[in-house]
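One structure is given here, and the rest of the page talks about it.
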């Protein structure tokens, strides 16, 4: 029973600091795992279908799956301990697990674990070295399950689930999907596309980067729209945030997002001015052969290096944003 494990309001002092850090860390790991898994997969579907055969990409997806599964398994008992007072010294019991599973939080996390198992099996089929016709269905279905359905399970573990309005969880899921697509795409770009060791031509890299640039621009627009809606809907008034922990975290998150958008605009400027110019030059030269390809590759070293540093900065800042988000979802609005 939930009542038997809930803390006594009269003596409750809230979770201790150590427990809060551990719980927030596993929530943050869940967001990162989702970004690597779902975001990386959506990047492959939208921008780089040949990447399914790349070993580095497979490692990124596997890491995302493992981190997501470990996080999901860990937050179940941690939520039970939170219900019992929020201390790592609290003995865990079947009653705590039962109390968690009776809540929407527990049901959503269990659904997350099931989707990870099903999606992981489909993803294993999708990355096999088989003809495109044989892997098209697993790739499409795994993208839907992991990229679109899996993020829905996060809607029931935060403020969005308590709103009682359908538009709020929809905005929450859209916000989460676009942010994970952004970080997942940045990760695959940084560790896979930009590190092909000469196996991919500059033309291929340019096409992939140009596609992701358009996807990232759409992600930024969606993040801005859903973020503004959620702030207006959840907060209600600026006065409620003044001097509150939630307000300080929200301001920090907004500032970090503005900074990462600035880095993203730098990357898109490089894409427009460098890669589009070189693609036009390659088409005009036509048939330059291996010599021309090498020249393009050498000349392309500077823009790719510039993009690598910009993408790295974007990815690191988005990781910080996800960390702030992991704390925000457990922080009551207006709390001090």
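Keep in mind that glycine also has a Cβ here, set from the backbone N, Cα and C atoms.
Sequence annotations record features per position, and here TrEMBL assigns domain 'Copper resistance protein D' to 207-328.
Residues annotated as transmembrane segment in TrEMBL: 28-48 (among others).
Marked as transmembrane segment by TrEMBL: 60-85 (among others).
Feature annotation from TrEMBL assigns transmembrane segment to 105-127 (among others).
The transmembrane segment annotation in TrEMBL covers 139-157 (among others). Same-chain residues lying 6 or more positions outside the transmembrane segment (139-157) and placing a CB less than 8 Å from one of its CB atoms are 30, 34, 37-39, 41-42, 44-45, 52, 75, 104-105, 107-109, 111-112, 115-116, 118-119, 122-123, 125-126, 169, 172-173, 176-177, 180-181, 329.
Under the heading transmembrane segment, TrEMBL lists 169-194 (among others).
Long-range contacts of the transmembrane segment (215-232) within the same chain, counting only residues at least 6 positions beyond its ends with a Cβ under 8 Å from a Cβ of the stretch, are 43, 46-47, 160, 167-168, 171-172, 174-175, 178-179, 181-182, 185, 250, 254, 257, 261, 264, 267-268. The transmembrane segment annotation in TrEMBL covers 215-232 (among others).
Summarising the annotation, TrEMBL assigns transmembrane segment to 244-264 (among others).
The annotation transmembrane segment is assigned in TrEMBL to 311-333 (among others).
Mean pLDDT of the predicted structure over the domain 'Copper resistance protein D' (207-328): 69.
Same-chain residues lying 6+ beyond the ends of the transmembrane segment (169-194) with a Cβ under 8 Å from its Cβ atoms: 31-32, 34-44, 47-48, 51, 54, 56-57, 60, 64, 147-148, 151-152, 154-156, 158, 160-161, 163, 200, 205, 208-209, 212, 215-216, 218-220, 222-223, 226-227, 229-230, 233, 304, 307-308, 311-312, 314-315, 318-319, 321-322. Cβ atoms under 8 Å from those of the transmembrane segment (105-127) belong to residues 37, 41, 52-53, 57-58, 61, 65, 68-69, 72-73, 75-76, 79, 135, 138-139, 141-142, 145-146, 149-150, 153-157, 161 of the same chain, restricted to positions at least 6 beyond its ends. Here the transmembrane segment (28-48) does not touch the transmembrane segment (244-264). Their Cβ atoms form fewer than 3 pairs under 8 Å, with each pair 6 or more residues apart.
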